[in-house]
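Per TrEMBL, active site, proton acceptor is recorded for Asp198, Asp544. Taken from TrEMBL, the feature ATP binding site applies to 79-87, Lys105, 433-441, Lys456. Residues or ranges marked as domain 'Protein kinase' by TrEMBL: 73-332, 427-684. Positions annotated as domain 'AGC-kinase C-terminal' by TrEMBL: 333-402.
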Amino acid sequence: MSRVFVFVLTSAFVYRIAVYCCLFPYCCAVYLGRAWLWFDCVSFLSQDEGFVNEISITNHVKEGSEKADPRQFELRKVLGQGSFGKVFLVKKITGPDAGQLYAMKVLKKATLKVRDRVRTKMERDILVEVNHPFIVRLHYAFQTEGKLYLILDFLRGGDLFTRLSKEVMFTEEDVKFYLAELALALDHLHGLGIIYRDLKPENILLDEQGHIKLTDFGLSKESIDHENKAYSFCGTVEYMAPEVVNRRGHTLSADWWSYGVLMFEMLTGTLPFQGKDRKETMTMILKAKLGMPQSLSQEAQSLLRNLFKRNPGNRLGAGPDGVEEIKRHFFFSTIDWNKLFRREIHPPFKPASGRPDDTVYFDSEFTAKTPRDSPGCPPSANAHQLFRGFSFVAISKEESQPQQTPSMNMTSIQQLHRNAAPFSDVYDVKEDIGVGSYSICKRCVQKSNSMEYAVKIISKAKRDPTEEVEIILRYGQHPNIITLKDVYDDGRSVYLVTELMKGGELLDKILRQKFFSEREASAVLHTITKTVEYLHVQGVVHRDLKPSNILYVDESGNPESIRICDFGFAKQLRAENGLLMTPCYTANFVAPEVLKKQGYDAACDIWSLGVLLYTMLTGFTPFANGPEDTPEEVLARIGSGKFSLTGGYWNSVSAEAKDLVSKMLHVDPHQRLTAAQVLRHSWIVHKDRLPKYQLNRHDTPHLVKGAMAATYSALNMHVPPVLDPVGHSSLAQRRGVKKLTSTAL
């Protein structure tokens, strides 16, 4: 005989959501099936020999806070949609947090089912708030006649694996950082007696700084019998521990097996146990011997072996010291756990997130939709009892974390924002600033506030601007790289709105400066080279560092106001699989010829800075005399590697400066200094000892600009290839042989 349980969930039900089922706020692959398991895992019943009791839970609302309802949230965009309902980007429009952006998950009551088989569980106080720097926070929960609403952190960096698998190759240093933060998050849950049970890359989000946030607690469960074991068969099978697969009961240790699976996947790009179907995968988890990739370090292999113990009692993290066993492992020897918890360690990768309401990492299939929260169908009569007392208001961060060290504040950078409105509706276009082969740059004024900006208009028919946009977006937070404010795309052209360089070109300003000393030249080169070194470390080469692409943002002339601009020819180093390389990249992931080409391009950047330094010191260029020089003449001088460092204007220049110029302009790119070596050169390091007197320079700025233009025009000149007749190619000759043979037959 089947039994029907009717039970009531009180107002603190939301804490179960916070602790157990803070549903994945963005990923709409978590549909009704996950919701069904969610309610199975959060049943508030204790069943003892057929007797069912409601667990008594008191209300918990922040004093002075208002009870939330849908009218307090402005719908901005759709982030996801599924059979359970929708996920919206919303903005709070009332209360002390007015203006704050959240992710709002809307669940239809009528589609949420509860299993009629209620598992036995221990009664415990669930009013412990999950409040941790690496766990997604629930802010509000409320309901209407037909729907439940969960208001969660909006993390626009996306999830760890989806985001990084598209862009960044994981190194052991990257994995170490993410695993360390994850270990602290799991330890916090374990301290509350909670088994997470669904650890996988999709459930780890990235915030704006690149720190992780653990989410999706739909399968989390408290240890429920006298041996602190749970028996549910749930989770993603590839990440299940053997004791979960065989259903003999599992403890907190099951999470550390999944932790090992995650580590293995991040380091190798493959799963340790994956068969052709679910059954074979489960068999492999229970019996298969794991082949350890020898490309991994001994420390990484050791940690994996200690996590992949089929006896959960022998597994690292299962002992009396818990997570301390993992923290002590020599794989994590370089981690300062206190700094890590305080978020004082810089993440290895910062997601290129832009404006506060930017949704570039969400599927455009959803974000293009008009956000609309229609009334939900009323649930059954019994369901009204099920959701009674659902509403909740979270404790404010200030009250709930009085002792917490504030996390690092994200620099307010307006970067990529794909706007629906036409560019001309938002900006007035003014005069031309510069014209290039593929683009034109104009001054523009934002209509709403009269702020001045520059807009680079790129013809999509001539060049794909994607790489340029992504590089500026990814690295534009650097103080000496131009900041991208907005991006518009009308189908024919792309409009890049950037800060306006009111100070003009660096070389113009320097050549017109009445007094300019070596000390000032050193400060300028130091700022530029430091920025170039930052790009090179990130695997980016500019490839067009001519003086016209180095500008001042204001009239001050201070080195701090220098900006490197125009990344139209820039390239990002990628692995053979197309993924970006982090600063910790190694040659293991990149073909030698790619590394060689990248090294050559980096050397070209240094050569360009050498030309700039030469010109700053003397007032003329090393390889061109003026605009009348032909490209052939300029290229011949560059190819010879010969330039003068003696006599004339060089008599007033220090020996250290000459030494640096010669090493930056070395004809052999392999012998040329790197950016890091330039920064270590005595002329840069000891700039305070350099002469402060006026350099004796050639005073013809117009000739210098013409000579500089001639230099880079020659370098960028496309020389038409000399082609033999098509019939001379080996391919044509092979085809001819085959054709003859075929005809003869």
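Including glycine, each Cβ sits where the backbone N, Cα and C put it.
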Candidate with sparsest Cβ neighbourhood (10 Å radius) among Asp198, Asp544, the listed active-site residues: Asp544
Minimum Cα separation from Asp198 (active site, proton acceptor), reported as the residue among recorded positions Leu79, Tyr438, Asp544 that achieves it: Leu79
Local Cβ density at Val435 (ATP binding site) - other Cβ atoms counted within 10 Å: 9
Between Lys105 (ATP binding site) and Asp544 (active site, proton acceptor), the C-alpha gap once rounded to whole angstrom: 46
All-chain count of other Cβ atoms within 10 Å of Leu79 (ATP binding site): 26
Fewest other C-beta atoms within 10 angstroms, as judged across Lys105, Tyr438, Cys441, which are the binding-site residues: Tyr438
Where Asp544 (active site, proton acceptor) sits in the secondary structure, as DSSP reduces it to three classes: coil
Rounded distance in angstrom between the Cα atoms of Cys441 (ATP binding site) and Asp544 (active site, proton acceptor): 16
Confidence summary (mean pLDDT) of the domain 'Protein kinase' (427-684): 84
